[in-house]
C-alpha cells in the first residue's frame with residue numbers, strides 16, 4: 001500500500017489545491033454580465049425594440065407610430081384591460097409601468113445619437129463600464145449650452161462694470177463741485193455763457209427755489225465735466241473698457257501688439273534709432289511698474305521731470321529710485337504717527353501680553 005502522508009506531504013498538497021482554487025475564487029469578483037441588457041441602462045433587461053414592437057431597421061416614423069399606439073393603450077387614465085391581455089399591462093399598476101417603459105424606449109430610439117449608443121451596447125455587451133459611462137454622462141450633462149451661460153455671465157459683469165464706473169465718476173464730479181477752486185471757475189463760465197440767468201428766467205413763477213437750485217447745480221457739474229479730464233479710477237467710463245468689448249477686441253489688440261513689438265525691435269534694436277518722447281515715457285512706465293491708466297493720471301510736470309532726468313536709462317532710474325526711497329525714509333522718520341508706531345513695535349509689539357492697569 002501507499003505510505004501514509006506525513007505532515008510535510010499534507011502541507012504541500014494543501015498549497016497545491018490553494019494555488020488551483022485561487023483563480024477560480026476571483027472569477028465571481030471579476031465577472032461582468034454576459035448579456036447587453038442590464039438593469040439601470042435604457043429599458044433595463046427589456047429590449048427597447050421589442051418593447052415598441054419594431055425591428056432594429058425601423059425608421060423614425062415607424063418608431064413614432066408604434067409609440068403612439070402603445071402610449072394610448074397603456075395610458076393610466078385611459079387603460080382598460082382587454083381579453084387575453086398578457087405580459088405588460090395586466091393591472092392598472094402594471095399598465096403604468098408599461099407606459100413608463102414604452103416612453104423610455106421611445107426616448108431611447110427617437111434620438112439618433114442615443115439610438116447609436118444603444119445599438120453599440122447591444123452589439124458589444126462586453127464593454128459594460130463604457131456603456132454605463134456614456135449613458136449617465138448624457139443623462140447628467142447640463143441641458144443649457146455652456147456658451148450661452150458664458151455669454152450671459154460676461155454681459156452681466158460688463159453691465160455691473162459700467163454702472164459701477166459711472167457711479168464712481170458721478171461721485172468724483174459731485175466732489176469737485178464742492179471744491180472752491182473748481183466751483184468758482186465753473187460758476188464764472190456759467191455766468192459768461194448766461195446759463196445761470198436762463199435757468200432763473202425759465203424757472204420763474206413755475207419752479208420752486210429748490211428746483212432752480214438743483215438745475216443750477218447740474219449746470220455747474222456739466223461745466224466741470226466738460227472742462228476737467230478725470231483720469232485713473234474715477235475717469236469717465238468708456239464702452240471699449242468693458243469686459244465684453246475687451247474680449248471681442250482681444251484678437252485686434254493681440255495683432256496690434258505683435259505689429260508694434262516687431263516695429264520696436266526693427267527700429268530700435270536692429271536699426272538703432274533714438275527713442276522718441278512716447279517711447280521714453282513707455283520705458284519709464286515699465287520701469288516703475290505702473291499701468292497705463294496710473295501713469296496717465298500723473299501730472300504733466302512729473303512726466304517732464306522724468307524726461308529731464310532721462311529715467312529711460314536704467315542707471316539714471318536706479319539713482320532716482322534710491323533717492324525716492326531715501327526721501328520716503330526721511331518723511332517717515334519725521335512723521336509723529338510713524339514714530340509712535342515704531343515705539344509701540346519696540347516696546348510692546350503685536351501679540352505681547354501686558355498687565356498694565358491703564
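Don't overthink the numbers, they just go from 1 along the chain as shown.
Using N, Cα and C of the backbone, Cβ positions are placed for all residues, glycine too.
All annotation found in TrEMBL is predicted automatically rather than curated by experts.
Features as listed in TrEMBL:
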- 47-122: domain 'J' (DOMAIN)
- 146-166: transmembrane segment (TRANSMEM)
- 243-262: transmembrane segment (TRANSMEM)
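Note on the domain 'J' (47-122): mean pLDDT across this stretch is 81. Look at the domain 'J' (47-122): DSSP puts its residues at 50 helix, 0 strand, 26 coil.
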